[in-house]
Amino acid sequence: MLNPYIPKLARIIKIADQTPDVKLFTLEFADRKDRAEFSFTHGQFVMAGLLNFGEAAFEICSSAIKTKTFDLAVGRIGDLTEKLHQLKTKAVMTIRGPFGNGLAEKFYQNKELLLVGGGRGLIVMRSFILDYLAGALPAKKVNVFYGCLDEKNLLFKNEYKIWRKKFGLDICLNKPEKSWLGQRGVITVLFNDKQDFTDTVALIVGPPVMYKFVIEELQKRGLKDEDIFVSLERRMYCGIGVCQHCAIGPYYVCKDGPVFSWAQIKGIPGAI
Amino acid sequence: MMTNKRLRQFIEYLSRQNIVWAPQRIGGELVMERVSDPKNVELSSELPLHSFKKILVPPQEALFNYENNKIFPAVNPPGQVIFGLTVVDLKAVTFLNQIFAKDPHFQNRLKKALIIGQSLMPKGKHQFFLEKFEEDVLEHLKFDVFLAAQKDKFLVYTGSEDGQRILDDFGHKDYEHIEYVGPIREAGLDSQMQKIRGKFYEDDKIWQDLGKICIECGKCTLICPCCFCFDIFDQPDLKAGAGKRCRAWTACFYTDFSEVAGREIEKKKPKFLRSTPERIRFWYEHKFVRCPDEISLPGCVGCGRCTKVCPVGIDIKENLQRILKGKLK
């Protein structure tokens with residue numbers, strides 16, 4: 001019987017500072033076989049950890065077609081991530097997964113895909129974006145709405161130039177410097193009445209407070225609940241729907257999510 | 001048939017070579033404990049306060065060991081005998097076997113354990129679901145040997161090859177084998193359970209009411225033979241770079257259960273189960289919504305232990321009746 005708690009080992013091969021408290025780790029499985037077998041759907045996550053310091057859930061933010069290495073963006077917000085931020089390249093991490101349901105291609109095939117990311121919600125969007133840039137995402141078009149606190153917290157800044165050649169990236173900042181020329185306020189300011197959302201599927205990822213307001217904006221513009229997807233965060237330990245920490249109503253975020261359609265979970269108390 | 005005297009000899013025989021757990025009266029309370037003197041084993045219709053849970057699902061166990069970035073499998077658990085389980089607790093063993101169907105740690109421990117059940121039915125005031133013992137329940141229960149009490153002797157059943165082997169070795173030939181056909185009767189989820197599942201979300205006020213009295217001590221989760229939720233964490237060794245990744249019981253009533261990392265708000269970490277009513281609903285939701293949905297079994301065998309230990313008098317039987325009443329008119 002396969003032991004789902006035994007992790008694979010992966011080596012950090014690159015660390016790049018993103019913001020004052022987010023680092024981008026590029027990892028490679030130590031074992032050749034693990035490298036060859038690794039594949040995931042956009043929106044899936046891994047349980048990544050460090051021996052002596054435990055595990056936590058991280059969404060994969062690199063390409064789903066080039067999986068020889070993979071990226072995790074880690075915010076320094078807890079005990080484990082504090083320790084991860086002290087690591088240097090060649091350090092070894094533990095990896096289990098990928099787990100759960102991401103956003104399968106069938107849901108947005110030949111449709112427009114609107115990615116709405118708030119704060120660190122942009123992290124998982126990068127895997128969709130990279131594959132769209134490579135011509136490997138079956139969406140007709142991609143648009144990204146990104147709400148962030150201020151300029152110094154913008155993620156993947158050095159990639160925007162390339163991104164903008166292929167798709168729209170709308171950014172608003174909540175507390176920008178005076179010099180900021182773009183939009184200001186919460187993420188919903190990026191919605192206006194000129195936008196055409198027919199034939200659009202949306203994925204929303206961000207802090208819990210954001211979901212309700214973005215869903216309302218999308219519904220106003222005619223999106224059906226089946227075409228609005230959210231990715232949820234919860235405390236997780238097992239990753240396989242046993243330990244109960246991530247349960248919402250009848251579902252497990254780790255196993256049935258983390259990506260759910262709004263139609264699937266809108267009636268569940270406490271889901272968002 | 002096995003006589004009382006022969007049964008005593010059987011317990012002695014088992015104790016000679018194995019770790020044996022059985023109901024014993026300690027400090028006035030019947031509990032499941034390790035047998036040091038077979039004479040103390042008490043076979044009765046009373047449910048031991050502590051169930052078998054700590055034996056099959058230990059409070060803490062290593063998932064694997066590590067040293068210098070190498071991973072080593074956890075040490076195999078020893079074989080042991082769990083003696084004298086009532087049908088109520090055998091139901092809980094069967095339930096856990098479904099929950100941990102793909103868990104090598106649990107399966108290994110269960111495979112190595114010899115489970116010996118008995119038919120005396122608990123009649124405490126807190127129990128519900130089961131009234132009297134009927135033989136046809138046996139094919140739906142996980143056990144190795146089962147003792148069905150007659151007037152002054154026992155009919156002996158086996159539920160596994162291990163059970164047959166131990167009886168053969170002991171020299172008892174008079175038994176009947178019952179093939180385990182799975183945990184669920186043909187009819188599927190019990191009709192009363194279906195009703196509870198259907199009406200679960202109708203009366204939300206019940207959680208508000210219970211939230212006012214529950215003190216979130218978590219005793220009900222510890223004592224429940226079906227509660228199994230766990231944390232996973234690393235336990236470093238004194239030797240640098242070595243340690244073990246462990247899992248350990250937790251309780252959904254503890255405030256850190258749903259906590260996530262992030263900026264603190266009013267000195268509190270962000271969490272998703274924010275209030276007592278939300279947490280007590282979560283406990284019931286697990287047992288009467290998620291478990292039935294996943295494995296067609298409720299996460300409750302009606303043993304009533306949670307009611308017995310609750311310091312503020314929350315009674316699961318009453319609460320299920322209230323859920324069954326449904327929407328308040």
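Just so you know, glycine gets a Cβ as well, placed from its N, Cα and C.
Caution: TrEMBL annotation is automatic and unverified by curators.
The model shown is predicted, which means the values in this text are computed figures rather than measured ones.
The domain 'FAD-binding FR-type' annotation in TrEMBL covers A:5-105.
What TrEMBL records for A:CYS238, A:CYS243, A:CYS246, A:CYS254 is [2Fe-2S] cluster binding site. Cβ environment of A:CYS238 ([2Fe-2S] cluster binding site): A:PRO4, A:TYR5, A:CYS254 lie under 8 Å away, each six or more residues apart in the same chain.
Contact with chain B, taken as any Cβ pair under 8 Å, is found for the binding-site residues A:CYS238, A:CYS243 out of A:CYS238, A:CYS243, A:CYS254. Mean pLDDT for the domain 'FAD-binding FR-type' (A:5-105) in this predicted model: 97.
Cβ neighbours within 10 Å of A:CYS246 ([2Fe-2S] cluster binding site), excluding its own Cβ and spanning all shown chains: 27. Same-chain residues at least 6 positions away in sequence with a Cβ under 8 Å from that of A:CYS243 ([2Fe-2S] cluster binding site) are, in sequence order, A:MET236, A:TYR237. Neighbours of the [2Fe-2S] cluster site: apart from A:CYS238, A:CYS243, A:CYS246, A:CYS254, residues of the same chain with C-beta atoms within 8 angstroms of the site's C-beta centroid are A:ARG234, A:MET236, A:TYR237, A:GLY239, A:ILE240, A:GLY241, A:VAL242, A:GLN244, A:HIS245, A:TYR252, A:VAL253, A:LYS255. The local packing around A:CYS254 ([2Fe-2S] cluster binding site), expressed as other Cβ atoms within 10 Å of its Cβ over all shown chains, amounts to 27.
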